[in-house]
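Chemist: Dumping the structure here so I can ask a few things about it.
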(Lines of atoms letter the chains of each structure in order from A and count residues from 1; the text may use other names and numbers.)
(Lines give C-alpha, C1' and ligand atoms only; values in the text may rest on other atoms or scores of the structure.)
Protein backbone atom coordinates (compact mmCIF):
# COMPACT_ATOMS: atom_id res chain seq x y z
CA UNK A 1 0.00 0.00 0.00
CA UNK A 2 1.32 3.43 -0.88
CA UNK A 3 1.37 6.57 1.21
CA UNK A 4 -2.23 7.47 0.35
CA UNK A 5 -4.84 4.88 1.28
CA UNK A 6 -6.87 3.00 -1.27
CA UNK A 7 -10.08 4.63 -0.06
CA UNK A 8 -9.06 7.83 -1.79
CA UNK A 9 -9.51 6.14 -5.14
CA UNK A 10 -13.18 5.75 -4.43
CA UNK A 11 -14.08 8.83 -2.42
CA UNK A 12 -12.34 11.58 -4.34
CA UNK A 13 -15.68 13.19 -5.08
CA UNK A 14 -14.81 13.80 -8.74
CA UNK A 15 -16.82 11.00 -10.24
CA UNK A 16 -14.26 8.25 -9.82
CA UNK A 17 -16.68 6.32 -7.66
CA UNK A 18 -19.10 6.22 -10.56
CA UNK A 19 -16.40 4.88 -12.82
CA UNK A 20 -15.87 1.96 -10.49
CA UNK A 21 -19.57 1.32 -10.24
CA UNK A 22 -22.25 3.21 -8.29
CA UNK A 23 -22.96 0.18 -6.14
CA UNK A 24 -19.29 -0.32 -5.29
CA UNK A 25 -18.84 3.33 -4.34
CA UNK A 26 -22.03 3.28 -2.30
CA UNK A 27 -20.86 0.23 -0.36
CA UNK A 28 -17.49 1.84 0.27
CA UNK A 29 -19.20 4.88 1.77
CA UNK A 30 -20.77 2.65 4.42
CA UNK A 31 -17.39 1.62 5.85
CA UNK A 32 -15.45 4.87 5.64
CA UNK A 33 -14.27 5.90 9.09
CA UNK A 34 -13.53 9.34 10.47
CA UNK A 35 -10.67 10.66 12.52
CA UNK A 36 -10.64 10.98 16.30
CA UNK A 37 -11.18 14.67 17.00
CA UNK A 38 -7.88 16.27 17.95
CA UNK A 39 -6.47 19.71 18.51
CA UNK A 40 -5.51 19.82 14.81
CA UNK A 41 -8.89 18.73 13.48
CA UNK A 42 -10.75 21.11 15.79
CA UNK A 43 -8.64 24.17 15.15
CA UNK A 44 -10.65 27.01 13.73
CA UNK A 45 -13.98 25.27 14.26
CA UNK A 46 -16.93 27.49 15.12
CA UNK A 47 -18.98 24.70 16.65
CA UNK A 48 -17.26 24.22 20.01
CA UNK A 49 -19.13 23.59 23.25
CA UNK A 50 -18.27 25.03 26.65
CA UNK A 51 -15.70 23.19 28.77
CA UNK A 52 -17.60 23.50 32.04
CA UNK A 53 -18.27 20.07 33.56
CA UNK A 54 -16.43 18.28 36.35
CA UNK A 55 -16.97 14.98 38.19
CA UNK A 56 -19.86 16.24 40.42
CA UNK A 57 -21.70 17.54 37.34
CA UNK A 58 -21.24 14.21 35.56
CA UNK A 59 -22.48 12.27 38.58
CA UNK A 60 -25.57 14.50 38.70
CA UNK A 61 -26.24 13.84 35.00
CA UNK A 62 -25.64 10.10 35.32
CA UNK A 63 -27.68 9.53 38.49
CA UNK A 64 -30.42 11.90 37.39
CA UNK A 65 -30.78 10.24 33.99
CA UNK A 66 -30.71 6.71 35.39
CA UNK A 67 -32.91 6.75 38.49
CA UNK A 68 -36.42 7.26 37.16
CA UNK A 69 -39.81 6.65 38.68
CA UNK A 70 -39.64 3.10 37.35
CA UNK A 71 -37.85 1.94 40.48
CA UNK A 72 -40.93 2.93 42.50
CA UNK A 73 -42.94 0.44 40.41
CA UNK A 74 -40.39 -2.19 39.34
CA UNK A 75 -39.80 -3.48 42.86
CA UNK A 76 -43.42 -4.61 43.07
CA UNK A 77 -43.85 -6.06 39.60
CA UNK A 78 -40.54 -7.94 39.47
CA UNK A 79 -40.83 -9.25 43.04
CA UNK A 80 -44.36 -10.60 42.42
CA UNK A 81 -43.67 -12.17 39.03
CA UNK A 82 -39.99 -13.16 38.98
CA UNK A 83 -37.62 -12.73 41.89
CA UNK A 84 -39.52 -12.74 45.16
CA UNK A 85 -37.28 -11.77 48.11
CA UNK A 86 -34.24 -12.29 45.84
CA UNK A 87 -35.03 -8.99 44.11
CA UNK A 88 -31.91 -7.44 45.63
CA UNK A 89 -29.72 -10.04 43.90
CA UNK A 90 -31.56 -9.36 40.62
CA UNK A 91 -30.63 -5.68 40.92
CA UNK A 92 -27.02 -6.64 41.70
CA UNK A 93 -26.76 -8.93 38.66
CA UNK A 94 -28.32 -6.28 36.43
CA UNK A 95 -25.91 -3.71 37.84
CA UNK A 96 -22.93 -5.93 37.05
CA UNK A 97 -24.25 -6.42 33.50
CA UNK A 98 -24.64 -2.66 33.12
CA UNK A 99 -21.11 -2.18 34.48
CA UNK A 100 -19.75 -4.20 31.54
CA UNK A 101 -21.12 -1.57 29.17
CA UNK A 102 -19.95 1.19 31.50
CA UNK A 103 -16.34 -0.08 31.30
CA UNK A 104 -16.50 0.00 27.51
CA UNK A 105 -18.05 3.47 27.51
CA UNK A 106 -15.42 4.74 29.95
CA UNK A 107 -12.49 3.77 27.70
CA UNK A 108 -14.00 5.12 24.50
CA UNK A 109 -15.25 8.32 26.15
CA UNK A 110 -11.79 9.11 27.49
CA UNK A 111 -10.06 8.21 24.21
CA UNK A 112 -12.58 9.99 21.95
CA UNK A 113 -14.01 12.87 24.06
CA UNK A 114 -16.38 14.44 21.56
CA UNK A 115 -20.13 14.87 21.36
CA UNK A 116 -22.05 11.98 19.86
CA UNK A 117 -21.36 9.13 22.28
CA UNK A 118 -22.03 5.71 20.66
CA UNK A 119 -22.58 7.31 17.24
CA UNK A 120 -19.15 8.95 17.43
CA UNK A 121 -17.37 5.77 18.54
CA UNK A 122 -19.06 3.69 15.83
CA UNK A 123 -18.07 6.21 13.16
CA UNK A 124 -14.41 6.03 14.23
CA UNK A 125 -14.15 2.25 14.74
CA UNK A 126 -16.77 0.60 12.49
CA UNK A 127 -17.93 2.84 9.67
CA UNK A 128 -20.28 5.54 8.50
CA UNK A 129 -23.27 3.31 7.68
CA UNK A 130 -23.40 1.62 11.09
CA UNK A 131 -22.75 4.94 12.82
CA UNK A 132 -25.70 6.52 11.04
CA UNK A 133 -28.08 3.74 12.09
CA UNK A 134 -26.83 3.92 15.69
CA UNK A 135 -27.27 7.68 15.78
CA UNK A 136 -30.70 7.40 14.17
CA UNK A 137 -31.80 4.74 16.69
CA UNK A 138 -30.50 6.77 19.64
CA UNK A 139 -32.41 9.83 18.41
CA UNK A 140 -35.57 7.72 18.51
CA UNK A 141 -34.65 6.50 21.99
CA UNK A 142 -34.31 9.98 23.46
CA UNK A 143 -37.35 11.40 21.65
CA UNK A 144 -39.77 8.70 22.75
CA UNK A 145 -38.09 8.32 26.13
CA UNK A 146 -38.46 12.02 26.90
CA UNK A 147 -42.09 12.06 25.77
CA UNK A 148 -42.96 8.97 27.82
CA UNK A 149 -41.33 10.43 30.93
CA UNK A 150 -43.19 13.72 30.49
CA UNK A 151 -46.53 11.91 30.18
CA UNK A 152 -45.84 10.17 33.48
CA UNK A 153 -45.30 13.36 35.48
CA UNK A 154 -48.85 14.76 35.50
CA UNK A 155 -50.49 11.75 37.28
CA UNK A 156 -47.85 11.94 40.02
CA UNK A 157 -48.29 15.68 40.37
CA UNK A 158 -52.04 15.17 40.67
CA UNK A 159 -51.49 12.83 43.60
CA UNK A 160 -49.71 15.62 45.46
CA UNK A 161 -52.76 17.84 44.99
CA UNK A 162 -55.13 15.26 46.41
CA UNK A 163 -56.20 12.93 43.61
CA UNK A 164 -56.16 12.05 39.91
CA UNK A 165 -58.47 14.93 38.95
CA UNK A 166 -57.07 17.60 41.25
CA UNK A 167 -54.76 19.41 38.81
CA UNK A 168 -55.82 22.87 37.54
CA UNK A 169 -57.86 22.78 34.35
CA UNK A 170 -55.11 24.20 32.15
CA UNK A 171 -52.73 21.42 33.30
CA UNK A 172 -55.13 18.49 33.51
CA UNK A 173 -55.51 15.89 30.80
CA UNK A 174 -58.45 16.26 28.41
CA UNK A 175 -59.90 13.94 25.79
CA UNK A 176 -60.70 15.53 22.43
CA UNK A 177 -64.26 14.50 21.46
CA UNK A 178 -64.52 12.40 18.33
CA UNK A 179 -60.78 11.82 17.99
CA UNK A 180 -60.28 9.69 21.10
CA UNK A 181 -57.02 11.56 21.74
CA UNK A 182 -56.01 12.48 25.29
CA UNK A 183 -53.89 15.62 25.40
CA UNK A 184 -51.55 16.36 28.30
CA UNK A 185 -50.76 20.11 28.62
CA UNK A 186 -48.72 19.52 31.78
CA UNK A 187 -46.34 17.18 29.96
CA UNK A 188 -45.83 19.60 27.08
CA UNK A 189 -45.23 22.56 29.42
CA UNK A 190 -42.64 20.62 31.41
CA UNK A 191 -40.79 19.65 28.22
CA UNK A 192 -40.69 23.28 27.10
CA UNK A 193 -39.48 24.45 30.53
CA UNK A 194 -36.68 21.86 30.50
CA UNK A 195 -35.79 22.85 26.92
CA UNK A 196 -35.50 26.49 27.92
CA UNK A 197 -33.32 25.56 30.88
CA UNK A 198 -30.98 23.50 28.68
CA UNK A 199 -30.62 26.48 26.33
CA UNK A 200 -29.33 28.68 29.16
CA UNK A 201 -26.10 26.71 29.51
CA UNK A 202 -24.78 23.26 30.32
CA UNK A 203 -23.41 24.22 33.73
CA UNK A 204 -26.61 25.95 34.84
CA UNK A 205 -28.89 23.15 33.67
CA UNK A 206 -26.66 20.54 35.29
CA UNK A 207 -26.79 22.38 38.62
CA UNK A 208 -30.60 22.36 38.49
CA UNK A 209 -30.58 18.67 37.60
CA UNK A 210 -28.24 18.03 40.52
CA UNK A 211 -30.64 19.76 42.92
CA UNK A 212 -33.67 17.84 41.63
CA UNK A 213 -31.70 14.59 41.80
CA UNK A 214 -30.69 15.36 45.40
CA UNK A 215 -34.37 15.66 46.37
CA UNK A 216 -35.06 12.28 44.76
CA UNK A 217 -32.14 10.67 46.58
CA UNK A 218 -33.39 12.12 49.88
CA UNK A 219 -36.77 10.50 49.24
CA UNK A 220 -35.04 7.17 48.57
CA UNK A 221 -33.00 7.56 51.77
CA UNK A 222 -36.27 8.09 53.64
CA UNK A 223 -37.56 4.79 52.22
CA UNK A 224 -34.34 3.04 53.25
CA UNK A 225 -34.07 4.50 56.78
CA UNK A 226 -37.76 4.52 57.72
CA UNK A 227 -38.36 1.16 56.06
CA UNK A 228 -35.32 -0.33 57.79
CA UNK A 229 -36.62 0.85 61.16
CA UNK A 230 -40.03 -0.70 60.47
CA UNK A 231 -38.39 -3.92 59.32
CA UNK A 232 -36.34 -4.34 62.48
CA UNK A 233 -39.39 -3.41 64.55
CA UNK A 234 -41.68 -5.97 62.89
CA UNK A 235 -39.12 -8.74 62.32
CA UNK A 236 -38.94 -8.48 58.51
CA UNK A 237 -42.12 -10.43 57.70
CA UNK A 238 -41.27 -10.46 53.97
CA UNK A 239 -38.28 -12.71 54.58
CA UNK A 240 -40.06 -15.14 56.93
CA UNK A 241 -41.60 -17.26 54.18
CA UNK A 242 -41.89 -21.06 53.91
CA UNK A 243 -40.99 -20.92 50.19
CA UNK A 244 -37.55 -19.54 51.02
CA UNK A 245 -35.47 -16.77 49.50
CA UNK A 246 -35.85 -18.00 45.89
CA UNK A 247 -39.54 -18.87 45.39
CA UNK A 248 -39.15 -18.79 41.59
CA UNK A 249 -35.72 -20.43 41.58
CA UNK A 250 -32.55 -19.17 39.94
CA UNK A 251 -34.35 -18.80 36.60
CA UNK A 252 -36.83 -16.39 38.14
CA UNK A 253 -34.04 -14.37 39.70
CA UNK A 254 -32.25 -14.11 36.33
CA UNK A 255 -35.51 -13.19 34.59
CA UNK A 256 -35.94 -10.44 37.16
CA UNK A 257 -32.39 -9.24 36.46
CA UNK A 258 -33.23 -8.99 32.74
CA UNK A 259 -36.26 -6.86 33.58
CA UNK A 260 -34.57 -4.49 36.02
CA UNK A 261 -31.55 -4.10 33.71
CA UNK A 262 -33.47 -1.33 31.98
CA UNK A 263 -33.55 0.60 35.26
CA UNK A 264 -29.83 1.24 34.66
CA UNK A 265 -30.32 2.82 31.26
CA UNK A 266 -29.25 6.45 31.38
CA UNK A 267 -25.61 6.45 32.45
CA UNK A 268 -24.65 6.69 28.78
CA UNK A 269 -25.90 10.30 28.90
CA UNK A 270 -22.63 11.12 30.64
CA UNK A 271 -20.65 10.08 27.56
CA UNK A 272 -22.71 12.40 25.35
CA UNK A 273 -21.36 15.42 27.27
CA UNK A 274 -17.70 14.37 26.75
CA UNK A 275 -16.84 17.48 24.74
CA UNK A 276 -17.99 19.72 27.60
CA UNK A 277 -15.85 18.07 30.29
CA UNK A 278 -12.80 19.96 31.52
CA UNK A 279 -10.60 16.88 31.98
CA UNK A 280 -12.28 14.07 30.02
CA UNK A 281 -9.50 11.49 30.43
CA UNK A 282 -9.92 11.57 34.20
CA UNK A 283 -13.45 12.86 34.83
CA UNK A 284 -15.50 10.82 32.34
CA UNK A 285 -14.56 7.37 33.68
CA UNK A 286 -15.02 8.62 37.24
CA UNK A 287 -18.39 10.17 36.45
CA UNK A 288 -19.69 7.03 34.74
CA UNK A 289 -18.35 4.73 37.46
CA UNK A 290 -19.59 6.75 40.44
CA UNK A 291 -23.03 7.32 38.87
CA UNK A 292 -23.56 3.62 38.19
CA UNK A 293 -22.29 2.64 41.65
CA UNK A 294 -24.65 5.08 43.38
CA UNK A 295 -27.64 3.88 41.34
CA UNK A 296 -26.88 0.20 41.98
CA UNK A 297 -26.46 0.79 45.73
CA UNK A 298 -29.72 2.72 46.03
CA UNK A 299 -31.65 0.15 44.01
CA UNK A 300 -30.36 -2.72 46.13
CA UNK A 301 -31.05 -0.97 49.44
CA UNK A 302 -34.58 0.11 48.48
CA UNK A 303 -35.47 -3.36 47.16
CA UNK A 304 -34.00 -5.10 50.22
CA UNK A 305 -36.14 -2.96 52.53
CA UNK A 306 -39.41 -3.20 50.59
CA UNK A 307 -39.39 -6.97 50.01
CA UNK A 308 -38.70 -7.36 53.72
CA UNK A 309 -41.64 -5.23 54.82
CA UNK A 310 -44.31 -7.04 52.79
CA UNK A 311 -44.41 -10.63 51.43
CA UNK A 312 -43.69 -10.52 47.72
CA UNK A 313 -47.07 -12.03 46.78
CA UNK A 314 -48.91 -9.29 48.72
CA UNK A 315 -47.17 -6.34 47.03
CA UNK A 316 -49.20 -3.79 45.11
CA UNK A 317 -47.75 -3.87 41.56
CA UNK A 318 -48.67 -0.21 40.94
CA UNK A 319 -47.63 1.44 44.22
CA UNK A 320 -45.46 -1.12 46.02
CA UNK A 321 -43.51 1.30 48.24
CA UNK A 322 -46.47 3.43 49.31
CA UNK A 323 -48.61 0.38 50.02
CA UNK A 324 -45.78 -1.23 52.03
CA UNK A 325 -45.65 1.77 54.35
CA UNK A 326 -49.45 2.00 54.47
CA UNK A 327 -49.63 -1.64 55.61
CA UNK A 328 -47.69 -0.54 58.68
CA UNK A 329 -49.94 2.46 59.31
CA UNK A 330 -47.72 5.18 57.80
CA UNK A 331 -50.03 6.56 55.13
CA UNK A 332 -48.38 9.99 55.06
CA UNK A 333 -45.22 8.41 53.59
CA UNK A 334 -47.05 8.31 50.26
CA UNK A 335 -46.53 12.07 49.87
CA UNK A 336 -42.75 11.80 50.31
CA UNK A 337 -42.61 8.87 47.90
CA UNK A 338 -44.70 10.79 45.35
CA UNK A 339 -42.34 13.77 45.64
CA UNK A 340 -39.46 11.40 44.96
CA UNK A 341 -41.26 10.00 41.93
CA UNK A 342 -41.97 13.48 40.55
CA UNK A 343 -38.40 14.70 41.01
CA UNK A 344 -36.97 11.53 39.51
CA UNK A 345 -39.18 11.93 36.46
CA UNK A 346 -38.17 15.58 36.05
CA UNK A 347 -34.49 14.67 36.33
CA UNK A 348 -34.91 11.82 33.85
CA UNK A 349 -36.70 14.19 31.47
CA UNK A 350 -33.68 16.49 31.53
CA UNK A 351 -31.41 13.49 30.98
CA UNK A 352 -33.48 12.42 27.96
CA UNK A 353 -33.47 15.81 26.23
CA UNK A 354 -29.85 16.77 27.04
CA UNK A 355 -27.99 14.21 24.84
CA UNK A 356 -30.12 14.39 21.69
CA UNK A 357 -29.08 17.88 20.47
CA UNK A 358 -25.44 16.88 20.94
CA UNK A 359 -25.90 13.74 18.86
CA UNK A 360 -27.69 15.76 16.17
CA UNK A 361 -24.85 18.28 16.32
CA UNK A 362 -22.24 15.54 15.88
CA UNK A 363 -24.11 14.10 12.90
CA UNK A 364 -24.46 17.57 11.35
CA UNK A 365 -20.74 18.24 11.85
CA UNK A 366 -20.06 15.11 9.82
CA UNK A 367 -22.37 16.29 7.05
CA UNK A 368 -24.95 13.55 7.61
CA UNK A 369 -27.59 16.08 8.70
CA UNK A 370 -28.13 19.74 7.67
CA UNK A 371 -25.71 22.22 9.22
CA UNK A 372 -28.68 23.80 11.06
CA UNK A 373 -28.16 21.32 13.90
CA UNK A 374 -24.43 22.03 14.29
CA UNK A 375 -24.81 25.72 15.17
CA UNK A 376 -23.60 26.58 18.67
CA UNK A 377 -24.77 29.75 20.41
CA UNK A 378 -21.82 32.12 20.89
CA UNK A 379 -22.75 33.20 24.42
CA UNK A 380 -24.16 30.04 26.01
CA UNK A 381 -22.01 27.65 23.91
CA UNK A 382 -24.97 25.31 23.62
CA UNK A 383 -26.49 23.86 20.39
CA UNK A 384 -29.60 25.99 20.88
CA UNK A 385 -31.22 25.26 17.51
CA UNK A 386 -30.91 21.51 18.00
CA UNK A 387 -32.14 21.79 21.59
CA UNK A 388 -35.20 23.80 20.55
CA UNK A 389 -35.97 21.37 17.71
CA UNK A 390 -35.67 18.46 20.14
CA UNK A 391 -37.91 20.17 22.69
CA UNK A 392 -40.58 21.02 20.12
CA UNK A 393 -40.71 17.45 18.83
CA UNK A 394 -40.76 15.85 22.29
CA UNK A 395 -43.25 18.38 23.62
CA UNK A 396 -45.61 17.83 20.69
CA UNK A 397 -45.47 14.05 21.12
CA UNK A 398 -46.01 14.39 24.87
CA UNK A 399 -49.01 16.66 24.32
CA UNK A 400 -50.87 14.61 21.71
CA UNK A 401 -49.73 11.02 21.97
CA UNK A 402 -49.67 8.34 24.63
CA UNK A 403 -46.30 6.80 23.86
CA UNK A 404 -46.43 4.01 26.44
CA UNK A 405 -47.00 1.41 23.72
CA UNK A 406 -43.82 2.65 22.04
CA UNK A 407 -41.65 2.53 25.17
CA UNK A 408 -40.02 -0.72 24.05
CA UNK A 409 -38.43 1.19 21.18
CA UNK A 410 -36.39 3.12 23.76
CA UNK A 411 -34.68 -0.08 24.82
CA UNK A 412 -33.73 -0.96 21.23
CA UNK A 413 -31.75 2.24 20.77
CA UNK A 414 -29.95 1.82 24.07
CA UNK A 415 -29.07 -1.85 23.61
CA UNK A 416 -27.89 -1.28 20.03
CA UNK A 417 -25.64 1.50 21.31
CA UNK A 418 -24.31 -0.68 24.15
CA UNK A 419 -23.58 -3.51 21.71
CA UNK A 420 -21.78 -1.29 19.22
CA UNK A 421 -19.66 0.33 21.92
CA UNK A 422 -18.46 -3.11 23.07
CA UNK A 423 -17.65 -4.09 19.47
CA UNK A 424 -15.78 -0.80 19.06
CA UNK A 425 -13.58 -1.66 22.06
CA UNK A 426 -12.61 -4.97 20.42
CA UNK A 427 -11.82 -3.18 17.16
CA UNK A 428 -9.80 -0.52 18.99
CA UNK A 429 -7.68 -3.16 20.73
CA UNK A 430 -7.11 -5.57 17.83
CA UNK A 431 -7.63 -3.68 14.55
CA UNK A 432 -7.50 0.07 15.29
CA UNK A 433 -7.80 2.29 12.20
CA UNK A 434 -4.34 2.88 10.75
CA UNK A 435 -5.49 5.40 8.13
CA UNK A 436 -6.89 8.85 8.83
CA UNK A 437 -9.17 10.89 6.53
CA UNK A 438 -8.11 14.46 5.79
CA UNK A 439 -10.03 17.09 3.78
CA UNK A 440 -9.05 17.43 0.15
CA UNK A 441 -7.79 20.96 0.97
CA UNK A 442 -4.72 19.24 2.47
CA UNK A 443 -3.87 17.61 -0.86
CA UNK A 444 -0.84 19.85 -1.47
CA UNK A 445 0.62 19.09 2.00
CA UNK A 446 -0.14 15.38 1.53
CA UNK A 447 1.70 15.34 -1.80
CA UNK A 448 4.64 17.16 -0.25
CA UNK A 449 4.94 14.73 2.67
CA UNK A 450 4.41 11.76 0.36
CA UNK A 451 7.19 12.95 -1.93
CA UNK A 452 9.46 13.54 1.04
CA UNK A 453 8.98 10.02 2.38
CA UNK A 454 9.30 8.39 -1.02
CA UNK A 455 12.57 10.28 -1.45
CA UNK A 456 13.76 9.05 1.92
CA UNK A 457 12.97 5.49 0.97
CA UNK A 458 14.85 5.71 -2.31
CA UNK A 459 17.87 7.34 -0.68
CA UNK A 460 18.72 9.21 -3.91
CA UNK A 461 18.92 12.75 -2.56
CA UNK A 462 19.95 12.30 1.05
CA UNK A 463 22.75 10.76 3.01
CA UNK A 464 22.17 7.13 3.83
CA UNK A 465 21.31 6.75 7.51
CA UNK A 466 22.91 4.01 9.48
CA UNK A 467 21.80 2.18 12.56
CA UNK A 468 23.54 -0.24 14.88
CA UNK A 469 21.81 -3.58 15.39
CA UNK A 470 22.90 -6.69 17.31
CA UNK A 471 24.30 -8.95 14.62
CA UNK A 472 26.81 -11.34 16.27
CA UNK A 473 27.13 -12.59 19.82
CA UNK A 474 30.57 -13.11 21.32
CA UNK A 475 31.59 -15.74 23.81
CA UNK A 476 30.79 -13.50 26.80
CA UNK A 477 27.23 -12.93 25.47
CA UNK A 478 28.02 -9.31 24.62
CA UNK A 479 26.36 -8.28 21.35
CA UNK A 480 28.71 -6.98 18.70
CA UNK A 481 27.22 -3.92 17.01
CA UNK A 482 27.44 -3.75 13.28
CA UNK A 483 26.57 -0.67 11.27
CA UNK A 484 23.94 -1.52 8.72
CA UNK A 485 22.27 1.11 6.54
CA UNK A 486 18.53 1.65 6.76
CA UNK A 487 18.26 0.77 3.11
CA UNK A 488 20.22 -2.44 3.53
CA UNK A 489 18.47 -5.46 1.92
CA UNK A 490 18.45 -7.37 5.23
CA UNK A 491 16.72 -4.51 7.03
CA UNK A 492 14.21 -4.06 4.24
CA UNK A 493 13.51 -7.78 4.18
CA UNK A 494 13.02 -7.91 7.97
CA UNK A 495 10.73 -4.86 7.89
CA UNK A 496 8.68 -6.33 5.05
CA UNK A 497 8.29 -9.61 6.92
CA UNK A 498 7.27 -7.80 10.09
CA UNK A 499 4.68 -5.72 8.22
CA UNK A 500 3.32 -8.87 6.59
CA UNK A 501 2.92 -10.58 9.98
CA UNK A 502 1.20 -7.53 11.41
CA UNK A 503 -1.22 -7.38 8.47
CA UNK A 504 -1.99 -11.08 8.81
CA UNK A 505 -2.58 -10.77 12.54
CA UNK A 506 -4.94 -7.81 11.99
CA UNK A 507 -6.80 -9.76 9.29
CA UNK A 508 -7.22 -12.77 11.60
CA UNK A 509 -8.42 -10.51 14.43
CA UNK A 510 -10.92 -8.72 12.20
CA UNK A 511 -12.46 -11.96 10.91
CA UNK A 512 -12.50 -13.38 14.43
CA UNK A 513 -14.46 -10.39 15.78
CA UNK A 514 -16.99 -10.82 12.97
CA UNK A 515 -17.40 -14.56 13.67
CA UNK A 516 -17.83 -13.83 17.39
CA UNK A 517 -20.70 -11.45 16.61
CA UNK A 518 -22.30 -14.02 14.27
CA UNK A 519 -21.91 -16.73 16.91
CA UNK A 520 -23.52 -14.55 19.59
CA UNK A 521 -26.45 -13.77 17.30
CA UNK A 522 -27.01 -17.47 16.49
CA UNK A 523 -26.66 -18.50 20.13
CA UNK A 524 -29.05 -15.87 21.53
CA UNK A 525 -31.59 -16.43 18.75
CA UNK A 526 -31.54 -20.20 19.31
CA UNK A 527 -32.00 -19.74 23.07
CA UNK A 528 -35.37 -18.08 22.38
CA UNK A 529 -36.87 -20.88 20.24
CA UNK A 530 -38.36 -24.21 21.33
CA UNK A 531 -38.17 -26.19 18.09
CA UNK A 532 -35.84 -29.10 17.38
CA UNK A 533 -32.96 -27.10 15.75
CA UNK A 534 -32.49 -25.21 19.01
CA UNK A 535 -29.63 -27.33 20.34
CA UNK A 536 -27.93 -27.59 16.96
CA UNK A 537 -27.97 -23.81 16.54
CA UNK A 538 -26.83 -23.33 20.14
CA UNK A 539 -23.91 -25.65 19.42
CA UNK A 540 -22.92 -23.75 16.28
CA UNK A 541 -23.21 -20.37 17.96
CA UNK A 542 -21.39 -21.53 21.06
CA UNK A 543 -18.56 -23.01 18.97
CA UNK A 544 -18.07 -19.77 17.03
CA UNK A 545 -18.17 -17.71 20.22
CA UNK A 546 -15.79 -19.91 22.20
CA UNK A 547 -13.38 -20.33 19.28
CA UNK A 548 -13.28 -16.59 18.70
CA UNK A 549 -12.66 -15.91 22.38
CA UNK A 550 -9.74 -18.36 22.40
CA UNK A 551 -8.22 -16.85 19.25
CA UNK A 552 -8.42 -13.26 20.54
CA UNK A 553 -7.00 -14.36 23.89
CA UNK A 554 -4.03 -16.06 22.24
CA UNK A 555 -3.04 -13.39 19.72
CA UNK A 556 -1.44 -10.08 20.64
CA UNK A 557 -3.38 -6.85 20.75
CA UNK A 558 -2.38 -4.24 18.18
CA UNK A 559 0.38 -1.79 19.14
CA UNK A 560 -1.64 0.96 17.46
CA UNK A 561 -4.03 0.96 20.41
CA UNK A 562 -1.45 2.82 22.50
CA UNK A 563 -1.54 5.87 20.23
CA UNK A 564 -5.21 5.69 19.25
CA UNK A 565 -7.12 8.85 20.19
CA UNK A 566 -6.36 10.69 23.42
CA UNK A 567 -4.06 8.59 25.57
CA UNK A 568 -3.71 8.56 29.34
CA UNK A 569 -7.34 7.78 30.19
CA UNK A 570 -9.20 4.73 31.43
CA UNK A 571 -8.41 1.31 29.98
CA UNK A 572 -11.11 -1.35 29.90
CA UNK A 573 -9.95 -4.47 31.81
CA UNK A 574 -10.29 -8.15 30.88
CA UNK A 575 -10.29 -7.65 27.12
CA UNK A 576 -11.54 -9.59 25.13
CA UNK A 577 -13.68 -11.39 27.74
CA UNK A 578 -15.47 -8.34 29.14
CA UNK A 579 -16.56 -6.77 25.82
CA UNK A 580 -17.68 -10.17 24.51
CA UNK A 581 -19.78 -10.76 27.64
CA UNK A 582 -21.26 -7.30 27.17
CA UNK A 583 -22.20 -8.06 23.56
CA UNK A 584 -23.73 -11.39 24.59
CA UNK A 585 -25.94 -9.85 27.29
CA UNK A 586 -27.13 -6.94 25.15
CA UNK A 587 -27.89 -9.05 22.07
CA UNK A 588 -29.83 -11.51 24.24
CA UNK A 589 -31.95 -8.66 25.60
CA UNK A 590 -32.43 -7.27 22.07
CA UNK A 591 -33.64 -10.62 20.76
CA UNK A 592 -36.18 -10.89 23.57
CA UNK A 593 -37.80 -7.46 23.13
CA UNK A 594 -40.55 -8.93 20.98
CA UNK A 595 -41.64 -8.92 17.37
CA UNK A 596 -44.01 -5.93 17.69
CA UNK A 597 -41.24 -3.71 19.03
CA UNK A 598 -38.85 -4.76 16.28
CA UNK A 599 -41.51 -4.17 13.63
CA UNK A 600 -41.89 -0.55 14.78
CA UNK A 601 -38.14 -0.04 15.06
CA UNK A 602 -37.57 -1.53 11.60
CA UNK A 603 -39.84 1.12 10.07
CA UNK A 604 -37.86 3.86 11.80
CA UNK A 605 -34.52 2.38 10.72
CA UNK A 606 -35.79 1.99 7.14
CA UNK A 607 -36.71 5.69 7.11
CA UNK A 608 -33.23 6.48 8.41
CA UNK A 609 -31.61 4.34 5.71
CA UNK A 610 -33.52 6.24 3.03
CA UNK A 611 -32.47 9.61 4.49
CA UNK A 612 -28.85 8.48 4.57
CA UNK A 613 -28.98 7.23 0.98
CA UNK A 614 -30.59 10.43 -0.29
CA UNK A 615 -28.75 13.01 1.83
CA UNK A 616 -26.14 11.72 4.26
CA UNK A 617 -24.03 9.66 1.85
CA UNK A 618 -23.69 12.51 -0.65
CA UNK A 619 -23.18 15.30 1.91
CA UNK A 620 -20.79 13.44 4.20
CA UNK A 621 -17.67 15.36 5.18
CA UNK A 622 -15.68 12.28 4.16
CA UNK A 623 -16.97 12.28 0.60
CA UNK A 624 -13.85 14.04 -0.73
CA UNK A 625 -11.52 12.84 2.02
CA UNK A 626 -8.00 11.64 1.34
CA UNK A 627 -6.86 8.76 3.55
CA UNK A 628 -3.28 8.86 4.82
CA UNK A 629 -1.30 6.78 7.34
CA UNK A 630 -2.05 7.87 10.89
CA UNK A 631 1.66 8.15 11.66
CA UNK A 632 2.05 11.08 9.23
CA UNK A 633 -1.00 13.17 10.22
CA UNK A 634 0.86 15.61 12.48
CA UNK A 635 3.54 16.09 9.85
CA UNK A 636 0.90 16.89 7.23
CA UNK A 637 -0.79 19.43 9.49
CA UNK A 638 2.59 21.03 10.22
CA UNK A 639 3.47 21.17 6.53
CA UNK A 640 0.12 22.77 5.75
CA UNK A 641 0.57 25.33 8.53
CA UNK A 642 4.07 26.20 7.29
CA UNK A 643 2.86 26.69 3.72
CA UNK A 644 0.08 29.00 4.91
CA UNK A 645 2.56 30.99 7.01
CA UNK A 646 4.77 31.48 3.98
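Backbone N, Cα and C atoms are what each Cβ position is placed from, and that goes for glycine too.
It should be emphasised that the depicted structure is a prediction, and the values quoted were computed from it without experimental measurement.
Residues or ranges marked as transmembrane segment by TrEMBL: 52-75, 87-106, 118-139, 176-199, 244-267, 332-354, 382-400, 406-428, 508-529, 535-555, 567-591, 597-615 (among others). The domain 'Cationic amino acid transporter C-terminal' annotation in TrEMBL covers 570-620.
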Chemist: Do we see three or more Cβ pairs under 8 Å linking the transmembrane segment (406-428) and the transmembrane segment (508-529), pairs being at least 6 apart in sequence?
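Modeler: When sequence-distant Cβ pairs are counted, the transmembrane segment (508-529) touches the transmembrane segment (406-428), since at least 3 lie under 8 Å.
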Chemist: Taking the domain 'Cationic amino acid transporter C-terminal' (570-620) alone, what is its mean pLDDT?
Modeler: 92
Chemist: Quick check on the domain 'Cationic amino acid transporter C-terminal' (570-620): DSSP residue counts for helix, strand, coil, in that order please.
Modeler: 40 helix, 0 strand, 11 coil
Chemist: Short question: which residues 6 or more past the ends of the transmembrane segment (535-555) have a Cβ under 8 Å from it?
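Modeler: For the transmembrane segment (535-555), the far contacts come to 426, 430, 505, 508-509, 512-513, 515-516, 518-527, 529, 576-577, 580, 584.
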